[in-house]
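Feature annotations, reproduced from TrEMBL:
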| type | residues | note |
| --- | --- | --- |
| TRANSMEM | 7-28 | transmembrane segment |
| TRANSMEM | 34-56 | transmembrane segment |
| TRANSMEM | 87-112 | transmembrane segment |
| TRANSMEM | 118-138 | transmembrane segment |
| TRANSMEM | 145-165 | transmembrane segment |
| TRANSMEM | 177-197 | transmembrane segment |
Amino acid sequence: MNAKNSLYPAIFTLIGTTIGAGILALPYTFMQSGFLVGAISLGIVFVITLLLNLFYAEILVHVKEKHQFAGYANTFFGRKGKIIATLGLMIGAYGALLAYTIQIGIFLHTLIPSVGAFHFSIGFYIVSSLLILVSLNWFSMIETLMVSGLLLLMGIIIISGVPHITWSNYAQTSSDLTSLLLPYGVLLFAFSGYSVIPEIGQLTDYDTYKL
């Protein structure tokens, strides 16, 4: 797959990494903090994560040796930077992947009770790992199809829910300071997609314009 044809799979790969279980918590956090506060928080976090992704992409373009996040931390900050980055990645990214794997097993078990949630989780882990090992391009194609289906489903849910909106709910704002700060942690998790930037670099052949 050349860089021209891999732009859209790269976009869908980033979307698929960014849109995860975090979006399921957004309605609750917006309800607790108020729509206006939640919307402002969303805008702030969106700009921050966008800049972080762009800065990371710039590193990929201008650094000759290609690494993952921990490797770049080692290049710029030495061994201590690599250790901190590795620990952060293990706790953050791998912890999230573990949570997703467990949750997918529970979800599939709900649909098919005859198979245990643990077996579904193990099966999902094996299949997804094999897809990545076989080919990044193949995995990105699967990701494109899955994200397209997810966006279509979200669009249907939003359109069907519009007639049931209670507009008075959007005028409510919490006066509790902890509730006002509540959206930031959830939004930072929901918008986090930096871990897939190196793979996007591979898909686009590290093209400056596409990255």
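Note: Cβ is positioned from N, Cα and C throughout, glycine not excepted.
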Exercise. Tally Cβ pairs under 8 Å between the transmembrane segment (118-138) and each listed stretch (7-28, 87-112, 145-165), then give the stretch with the top tally.
Key: 87-112
Quiz prompt | Stretch of maximal Cβ-Cβ contact with the transmembrane segment (145-165) [cut-off: under 8 Å; candidates 7-28, 34-56, 87-112] | solution = 7-28
Quiz prompt | For the transmembrane segment (34-56), distant same-chain residues with Cβ under 8 A (at least six beyond the ends) | solution = 14, 26, 69, 169-174, 179-180, 183-184, 187-188, 191-194, 197
